[in-house]
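Peer 1: Attaching a single structure in structure tokens format; questions to follow.
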Amino acid sequence: MSPNITTIVVASALIATGTYLFLSRSLVRALMGFLLLGNGANLLFIVASGPAGAPPIVDGSDAPMADPVPQALVLTAIVITLGMTAFVLALAHRGRQLSGVDLVSDDTESARIHARAEADDTGSPSARDVAEQIAAEGERTESKYHRDDVAEAGGLVGAASGTGDSGDAPLADPDDDHDVSAGDDAPGGGNPVPEPDPATDEGERP
């Protein structure tokens, strides 16, 4: 196909109109703009293919031949446009079911972030402040764990030596069992020791 001014003008008009409709808030108008953009791009492929020329293999025929590469690109673009059209139609239908209109709602979160960036809001903590805060919390946590480990180790040492951290009484000495078994009347607080009988002792003497 030989390019001409008419094809170029039509392709430019389709692309301009499609861009205008594609930027609309209505999903239906955006879909129409997408379709016009696709058709304009297909015409540009045909225009870019250039004029017809002689066949690459000389076989004695002088009939003009078209370049098959732009035609393959146009066919691929048509398939992609059809798939995207079905996807946008599904989005428009679902949006109409949920909200009752096909208009795209405002993104309040994006608007708030944009307004903060324009106002150069410095009230929010920076990345460095957040990193320093996290590091400080980590140091406090490590210090707490260290104190707990030291206290636990001290309790184990105290238990091994006979005293605990809570001021418990020392462990009983095995040598004190004799005093405990003695009676209350004995000097040691244990049972009384029987006194020897003098008559028995004199009779037994030689």
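Each Cβ is built from the backbone N, Cα and C atoms, and glycine gets one as well.
Unlike curated records, TrEMBL annotations are generated automatically.
Okay, so TrEMBL annotates it like this:
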type	residues	note
COMPBIAS	137-150	compositional bias 'Basic and acidic residues'
COMPBIAS	158-172	compositional bias 'Low complexity'
REGION	135-206	region 'Disordered'
TRANSMEM	6-23	transmembrane segment
TRANSMEM	30-52	transmembrane segment
TRANSMEM	72-92	transmembrane segment
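Can you walk me through where each of these features ends up in the structure?
Peer 2: If you look at the transmembrane segment (30-52), the same-chain residues 6 or more away from its ends with a CB under 8 A from one of its CBs are 1-3, 7-8, 10-15, 17-24, 64-67, 69-71, 73-74, 77-78, 80-81, 84-85, 88-89, 92.
Counting same-chain residues at least six beyond the ends of the transmembrane segment (72-92), those with a Cβ under 8 angstroms from any Cβ of the stretch are 27-28, 30-31, 34-35, 38, 41-42, 45-46, 102.
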